Structures are given as C-alpha cells and as structure tokens.
Amino acid sequence: MSPTASDIELSSPPDDSISALAFAPNADDQLLVASWDGELRLYDVTSNSLKSHFSHKAAVLGCCWGSDNKRAYSGGLDSWVRAFDLESETTTVLGAHTSTISSIIHHTATNTVYTGSWDQTVRAWDPRTPSSNPAAYAQPERVYGIDAADNTLVVAMAGRLVNIYDLRMMKESTSNGGPLCEPTQRRESSLRFMTRTLACMSDGKGYAMSSVEGRIAVEYFDPSPKAQDKKYAFKCHRQSVDGVDLVWPVNSLAFHPKFNTFASAGSDGTVSLWDHTAKKRLKQYPKYASAVTAIAFTNTTGDKLAIGVSYAWDEGEDGLKREVAANGGRVIQVRVRTVGDECKPRGAK
C-alpha cells in the first residue's frame, strides 16, 4: 500500500520483523518500535525521522514507556530488562530473567515495570533501583503476553491458561520451593488454539485475546454469571481463495483510549476495527504489503494508529521469498494512519 494523506510511511524502518509498537504517554508524535533485528528505535512521527536507536544482543520482543516521555523499557530474546533515558541516550540494565522476555508493560500508578517470560515467571521491577532480585511470581506455564487495566493484571500463557491478578495484592508465597502469587482468578482461554496476544479494555472491565487460528475472544473480569454471559469469541482475519478457507494468526490487538473499541492486526495483511459491545466490525483497512505484526493507538486522543508491516514467518522461508519478489524488495514498513469516526462505537454521536 502506498502512502496517502491519512497513512504515512516512516523513513529508516527496521531491518527485520517488527515485534512491538508503543506511543509515548503524553506525546502523540513519539513512537517506539521494537524489532527482531535487535534494535529499539525511537521515531518522531511529525517530522518523519528516526531520533535514536538502542542496540540489544538479540531480538527485542517488547517495549513500553514509563510514566513520562523520558524513559522507555524493553526486553526480548537475550532475557535482559533494559531501561533507557531517552534524553541522554543512556542504558541501564534492571536485571534479567532466565529465559526470553515475551512481554513488558509499565504500571503508572505504582511506577512498576512488569515482565512476562518463557521462564514461567512474571517479575516486577522498580525502575529506580536496578536489582538482580525483583519480585518474581511463578506461573504454571510459559508467559506469552501480559497487560494491565487499572489494578488488574492479566497473564496469558501456553496451554491456553490465563491468570488474573489484583496488583494491590501481589504477595509472594512459597509453593514447591518457588515463589507463587495466587491469582484472583484462574481461567482457560475459550480459544482452542495457541494464544497469540492480549490487550485490556480501556474502561478496565475486561480484555480481548487472540489465537494463531484467526479468532478473537472478548472476556470480562467480573466473575458473576451475568457478566460472564457477555463473553464470546468470533472468527476473523480469514480469506477464501479458490474455495479454500485460509486462516491467519491475529498478531496484535489495541484498544482505543477514548471509545473502548479495538483494532486487530493479522498475518493476512489487514487491520480491522471492532465494536465488541455491538459485536460488529466497524471497518477494515486496505491490505498491506505483508503481515501486520504490531499495532498501537496514541494514548491521549487515539487519533493515530501505528501499524507495523513485516513478514511473520507463517509460511517459512519460501513465503518470505514470494513476498519479497511480489513487492520488489523490502516489505518492512512502519506506518502511521490518522483515524477518526470509524473508531466510534455503533450509535455513538
């Protein structure tokens, strides 16, 4: 897809697939981009320029901002948790997991960085005090993704397991020789196949999670039967080609900060907007040159959506060769789309 007035392509894209995107909490023009080339990049969207970049020893799988626009955090395959002072362009290592860090978030109310890892732990880091011994909360399986809404933390794991925590009650206890924090709720994903990602609702009432099999589940925190009756799952990011139903992973989810609708990104190269209350798709944007591996709304107004376009290795090396040939070379793009009323729920004024 070529750039338009509402969809620009940023210069100096990563050299490998994009894994995560994050806009600054108080600046809609500052965008972090994490990628498999081992770099965390900071872009100025307004000037369409690469401001700075930070090298890692391996692929960067997650990134987030602190409570202001001056600090950022990342984690990935090398298992280190890094903090970046974006003004001085200096790096601090907060500590490390014993395996890959799959997800990282910052909880503003407590100024705590939470990381989820394949080492079957969630860890809490105080960014003011680098330490090799953060609070570690054992999980029953490898952590694929974490997210938080208000004081609720959601942990999605292998085996379709989901733990839900109250961050005000995160206390370690000992079980089988290791630290264990009992969740307030234990759940099993209503999706039959492996969890790909999750995102919490902007209103703090629940979350959405996706699978590798082109489905999204909408869940609610309230355990009452009335609230649980509202949860559901649906098919998406599928194509019918010559009578064959092609099913694509849903790689990324992002809730709009004002309207509480959400966007989904798939390996089919499309981004869709959803009104989960009305159970309707609001819009699907035109197909991009390759899979969409990450998306993120701006945090203040939600009037921009960052879109990471890059090969997701769903069809192996042969698939990469076909895409490169079809698109005349590189298919990696960081795009920023201006969005508006298409994100509003059905019936909203």
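Backbone N, Cα and C atoms are what each Cβ position is placed from, and that goes for glycine too.
Beyond its flanks by at least six residues, the repeat 'WD' (94-126) meets 25, 61-67, 73-77, 79-83, 132-148, 150-151, 153, 155, 167, 170 of its own chain at Cβ-Cβ distances under 8 Å. As annotated by TrEMBL, repeat 'WD' applies to 94-126 (among others).
Annotation comment: TrEMBL describes 250-284 (among others) as repeat 'WD'. In the predicted structure, the repeat 'WD' (250-284) carries a mean pLDDT of 97.
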